[in-house]
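As given in Swiss-Prot:
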type	residues	note
DISULFID	Cys32-Cys339	disulfide bond
DISULFID	Cys89-Cys100	disulfide bond
DISULFID	Cys114-Cys132	disulfide bond
DISULFID	Cys146-Cys149	disulfide bond
DISULFID	Cys208-Cys219	disulfide bond
DISULFID	Cys230-Cys247	disulfide bond
DOMAIN	19-133	domain 'Cystatin fetuin-A-type 1'
DOMAIN	144-255	domain 'Cystatin fetuin-A-type 2'
CARBOHYD	Asn99	N-linked glycosylation site
CARBOHYD	Asn156	N-linked glycosylation site
CARBOHYD	Asn176	N-linked glycosylation site
MOD_RES	Ser134	phosphoserine
MOD_RES	Ser138	phosphoserine
MOD_RES	Ser307	phosphoserine
MOD_RES	Ser311	phosphoserine
MOD_RES	Ser314	phosphoserine
MOD_RES	Ser316	phosphoserine
SIGNAL	1-18	signal peptide
Amino acid sequence: MKTLVLLLCFTLLWGCQSAPQGTGLGFREVACDDPEVEQVALTAVDYLNQHLLQGFKHILNQIDKVKVWSRRPFGEVYELELDTLETTCHALDPTPLANCSVRQLAQHAVEGDCDFHILKQDGQFSVMHTKCHSNPDSAEDVRKVCPHCALLTPFNSSNVVYAVNAALGAFNEKNNKTYFKLVELARAQTVPFPPSTHVEFVIAATDCAAPKVADPAKCNLLAEKQYSFCKASLFQNLGGEEVTVTCTAFPTQANGVTPASPAPAVEKGIPVALPDAPPASLVVGPMVVPAEHLPHKTHHDLRHAFSPVASVESASGEAFQSPTQAGNAGAAGPAVPLCPGRVRHFKI
């Protein structure tokens, strides 16, 4: 009898520790494709994208698990496990998420996994706890879909550093007004044949005039940040090397009301004189960082790329209205099994 009593006590104690703080012990199960659950999940993804510090926006792919806990004295807490996919829109891109393309398998897709605790009270959602990480698809799986497609390459690869410097140099040479400085290397891929390196990066306007800058380290970013997102490719041909780069300006980061507009770009196919060997350093923000100090990673992991709510104990959270749900809301009634929910795009 004593053993049964002790077992019951331990069971209750474990339940108290595993439940989100401020909730009752009981929770109700809801279908992952329930319209209200999807509304909460879209709110969570919206929060994620609003707090991204670098990398690319993510979009909801699947709701894996959901529990709804009653919260004392009012409201309820949604405990969600979500799968997301990386889009082609950078974190600074003002394009609405609904208009962002999902990065496909052949483009070396990246999947995110997130846990959220979201309080619903008086018709508002407050994010109480977040925890995310992300991983690229394996090279083997990409090769199954597209044997000759470009694969993600570490940021500190000498070929990548070389390509970024060449592209930035070409951009500043073409732009005869403001000197731009690299602030983030967002993505890099290589193709063995024909030998080429493809990079995506963010630059910002400085107080220096282009194209001739003796010491880039002395150039400071403007008070009202003017960012541009660039895509560039460096091709190794029999006749030499060729770099192409195109950049798009984002609205000014202040009271910015200016719409996104094309920034000066190097026309495709213009050869650019390159140094004899890859440079030893790469300009990042206001500093010159040696290439060997760049991180040995192939993408910006959500674990480090966004600023989350620290823990479930910050119960005040950040209150905001949920985004408008677009498209089919899924099944209105409970499904069997309740979870996981439908896959909106594809699984990695």
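A Cβ is built for glycine as well, from the same backbone N, Cα and C atoms used for every other residue.
Positions of Swiss-Prot features highlighted on the structure.
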| residue | record | Cβ contacts under 8 Å, 6 or more apart |
| --- | --- | --- |
| Cys89 | disulfide bond | Phe56, Lys57, Thr95, Leu97, Cys100, Ser101 |
| Asn99 | N-linked glycosylation site | none |
| Cys114 | disulfide bond | Ala44, Leu48, Leu80, Glu81, Leu82, Thr84, Thr130, Lys131, Cys132, Leu302 |
| Ser134 | phosphoserine | His58, Thr84, Glu86, Val110, Glu111, Gly112, Asp113, His299, Asp301, Leu302, Arg303, Ala305 |
| Ser138 | phosphoserine | none |
| Asn176 | N-linked glycosylation site | Ala210, Pro211 |
| Ser307 | phosphoserine | His51, Leu53 |
**Asked** At the level of the C-alpha atoms, what whole-angstrom distance separates Cys247 (disulfide bond) and Cys208 (disulfide bond)?
**Response** 19
**Complete:** Model confidence over the domain 'Cystatin fetuin-A-type 1' (19-133), as mean pLDDT, sits at 93
**Message:** Quick check on the domain 'Cystatin fetuin-A-type 1' (19-133): DSSP residue counts for helix, strand, coil, in that order please.
**Reply:** 22 helix, 62 strand, 31 coil
**Residue distribution over DSSP helix, strand and coil in the domain 'Cystatin fetuin-A-type 2' (144-255)** = 22 helix, 54 strand, 36 coil
**Complete:** For Cys149 (disulfide bond), the same-chain residues 6+ apart in sequence with C-beta under 8 angstroms from its C-beta are Ala106, Gln107, His108, Val142, Arg143, Val191
**Among Cys208, Cys247, which are disulfide-bonded residues, the residue with the most C-beta atoms within 10 angstroms of its C-beta** = Cys247
**Request:** Round to a whole number and give the Cα-to-Cα distance in Å for the pair Cys219 (disulfide bond) and Cys230 (disulfide bond).
**Result:** 20
**Complete:** Expressed in Å to no decimal places, the gap between the Cα atoms of Cys230 (disulfide bond) and Cys208 (disulfide bond) is 20
**Message:** Nearest of the recorded positions to Cys339 (disulfide bond) by CA-CA distance, picking from Cys146, Asn156, Cys208?
**Reply:** Cys146
**Prompt:** Could you give the Cα-Cα distance between Cys32 (disulfide bond) and Cys146 (disulfide bond), in whole Å?
**Reply:** 32
